[in-house]
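Heads up, the thing below is written out as structure tokens.
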């Protein structure tokens with residue numbers, strides 16, 4: 001006795017009603033896929049060092065752009081259905097819930113929307129693409145179930161045991177047609193076809209597993225994992241298109257999606273080869289606002305360390321017993337370094353408090369552009385801190401104060417090599433006197449105190465950059 005093949009039955013309907021509100025299976029599948037992609041993408045982005053929830057902020061731009069792009073691609077490649085002779089018209093073209101999204105347009109405009117979101121959040125676009133790539137292909141697999149409920153995008157007729165039964169559906173007007181979106185199955189089989197939606201669903205799940213394995217096995221970054229996703233999907237889509245028999249735009253007898261799959265596959269492979277190897281540093285995933293917050297939190301300690309380092313490099317050894325630095329001078333320099341360090345830390349704490357919403361005075365900020373505009377010559381001339389002048393004046397011979405002062409302020413005199421300062425005699429207290437800000441008649445009292453906090457910080461950061 002010959003057994004009849006067991007075919008895969010189609011769902012009896014693709015839409016249900018909650019009162020007057022229609023619930024379409026296609027829309028439910030698309031929304032479910034988007035949610036799954038966002039959950040997976042946000043978890044992966046957080047694991048790479050990104051801020052939790054940032055994926056959802058970017059999705060506010062990417063998802064609408066993707067839906068619009070998918071619909072536009074569908075209309076462009078299947079325009080006869082809507083705008084040809086006997087077409088459904090513009091109103092049907094706008095009913096996106098009836099189905100009809102082109103993945104190529106969805107990915108293209110979705111990436112553009114993601115780029116806008118990444119710019120606003122301050123993270124590189126390739127980082128996000130690598131994080132969401134597995135979730136996107138899994139979302140496509142879930143979305144293919146919507147084609148199953150709509151009885152669309154099927155292949156040629158077949159006698160294979162896994163063939164898909166397409167039923168006649170009775171639409172609200174009473175006609176029995178096989179492609180009615182709002183109709184209910186009559187139980188009568190119209191034809192048996194290749195379940196191309198199922199082939200692509202299985203392929204997308206395999207691509208999802210492959211991407212997860214590649215990402216864990218190798219160090220993939222800079223958008224290369226997204227390139228693998230595009231290449232793998234295009235290879236599978238090209239094969240599936242060869243089995244489809246539904247109406248589509250043809251070029252030289254070949255479906256337009258086959259051409260698209262080929263060209264996009266080549267572009268993805270080229271990008272994988274040319275893209276930088278390795279993976280981005282976790283700090284690049286924090287976003288601009290998070291990087292600023294982290295920098296402000298570290299600023300007090302960093303600026304204090306920079307102040308001490310710059311003072312030490314400018315003044316030289318200040319320990320007791322140094323031939324060029326009497327103990328009183330060393331103690332004076334140490335005291336001034338400590339005072340300035342405390343001042344830097346206090347001002348930085350004020351900045352952190354401002355960020356947290358406390359009422360504090362505004363502090364002048366210094367941009368990187370101001371620092372980079374400084375010429376190397378300016379850096380060399382401004383590198384010594386203000387207290388270096390005190391140290392040099394204190395280490396000079398006391399018997400020649402007028403000569404030193406005139407050399408320091410006379411711009412017409414040529415520079416002469418510095419002479420080693422004589423060792424002061426402890427028996428002569430006058431030689432141990434520390435020059436004060438008002439000891440030099442050519443230097444008004446307090447002129448060294450006129451630099452504000454911003455100029456000191458610029459000087460310290462310049463010194464630090466030079467040492468690095």
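Heads up, the Cβ atoms here are built off N, Cα and C, so glycines get one too.
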Looking at 171-191, 192-212, 297-317, 318-338, which one is transmembrane segment according to Swiss-Prot?
192-212
To which of the residue ranges 130-150, 256-276 does Swiss-Prot assign the term transmembrane segment?
256-276
Transmembrane segment according to Swiss-Prot, located in which of 56-76, 350-370:
56-76
Any contact between the transmembrane segment (21-41) and the transmembrane segment (192-212)? By contact I mean 3+ C-beta pairs closer than 8 Å, pairs at least 6 apart along the chain.
no
Which one, 56-76, 96-116, 192-212, 256-276, has the most C-beta pairs under 8 Å toward the transmembrane segment (218-238)?
256-276
